[in-house]
Amino acid sequence: MYDLIVIGAGPGGYVAAIKAAQLGMTVAIIEKENVGGTCLNRGCIPTKTLLHAAEIIEETKIGKGSGIHFEEMRIDFQQLYQRKNEVVSKLVDGIENLLKSNGVVTIFGTAEIIGEHEVRVGEEKLSAKNILIATGGKPIVPPIKGINLPQVLTSDGLLAEAPKFKQLVIVGGGIIGVEFASIFNAFDCEVSLVEASDRLLPNFDKEVSKKMTLLLKKKGIAVHTKASVTEIQDQKGKLACFFKNNNGQEMSIACDNLLVATGRKASFTHLFAEHISCEANPQGLKVNPSFQTSIPSIYAIGDVVSGNMQLAHVASAQGVNAVLAMNKKEPEYDLSLASSCVYTSPELASVGIDEAFAKAEEIPVKIGKYNMAGNAKSMIVGNELGFIKVISHEQTGEVLGAQLMCERATDMVAQFAEMIHQKVTLQEALQVIYPHPTFSEGIGEALESSLGQAIHVAPARRK
């Protein structure tokens, strides 16, 4: 009998397995495909590899302003996807070696929970004191007429092989949709975004959403919000995407392929034998604060959990906290401080509360903002778009949230998470000296702006 059986070797599962082994537990991890899960094999890592290629293309355009000219720009998609596969393969090998070196037994196959302490993999039965479900999620495919046509792809299919299309329609304007729109726009494809809500990135700060929408349009991406897709038709090998716009008018867009990016849902179909199940709802498995399901010996983390933030780093943190809970230890991570990131150009990042939340909850706040057009490093690299915004408590001065739209936003947002966690005030945060010239100087300027003391922000005109 093992101390722990983990089902799913994605960023939540493999991290939990290694943490458990570090605490002296005997651990087996079961994976039906490749270790690393969706994030590594079909999500974060492949996407960011393509985004890096898109950034290189953007850099060549910026280079013209510095007198650097490229006679010919040619994208070899086969080579690019080979590079993507090499990155994935290296990381998969690294995780497999980490599991092995920590004494975790890796079993490849499809797991079925047959008891409170029992799992079956093929003909083999395994038992453990605790079971941790980390089976992740899968793309949501909405019930639209024509959605099953072969030219209609999910992110899994789009990343599987090199694209041959020149026209792409993306249904869904969340993080996945916006990132893919940025990628294939840079790859010289004609891209259209169709989003059902009234704005792109509906879970982000409204100002961030508005500015990103304007930027995407400026780059030539067609954006349709308040748009409901009604049908997809095959018209002599091409697709026609029909939708109703915000005025209720029926419209259509022609394309080679259509990407469904309408979100992801919990994946636990056929995980439980007929005689056993955990409490769940349409969004996923229900858990308590210690990540226990309705069966105390069975835990769940990551995208399979109802109402969870579907982020790899959240799953990893939950994996650690769940293992600590099994061992009656205090949690290591504050899950309320998970950052949301969008890897566009410029990048987007958010942590803590935003203005809309503060208003809804009647929290008295001050807003500090710095426009990165005044940042020396932004000027040097030729990308001056964006801003850094800080939300702080009006009375105490504690930093409560931040939204960033700028170069390296995803690398800098953790500084704000640390401020929030440590209940740092604006005055305390400003004791840090930021090196010059750096993007991070914008953090100091935004903090100073909250106090009306920003050196490089023109004071408001007096009436």
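Backbone N, Cα and C atoms are what each Cβ position is placed from, and that goes for glycine too.
What TrEMBL records for the NAD(+) site is G172, G173, G174, I175, I176, G177, V178, E179, E195, and among G94, G103, G263 the residue it adds there is G263.
For C39, the disulfide partner named by TrEMBL among C44, C189 is C44. Under the three-state DSSP scheme, H436 (active site, proton acceptor) falls in the coil class. Of all the binding-site residues listed here (I176, V178), it is I176 whose C-beta has the fewest other C-beta atoms within 10 angstroms. Sequence-ordered, the extra residues of this chain that approach the NAD(+) site, with Cβ no more than 8 Å from the Cβ center of G172, G173, G174, I175, I176, G177, V178, E179, E195, G263, are I170, F180, L193, L200, L201, A261, T262. Cβ neighbour density within 10 Å is lowest for E195 among the binding-site residues E195, D303. Using Cα positions, the member of the recorded positions G174, V178, H436 nearest to K48 (FAD binding site) is identified as V178.
All protein chains considered, the CB of K48 (FAD binding site) has 17 other CB atoms within 10 Å.
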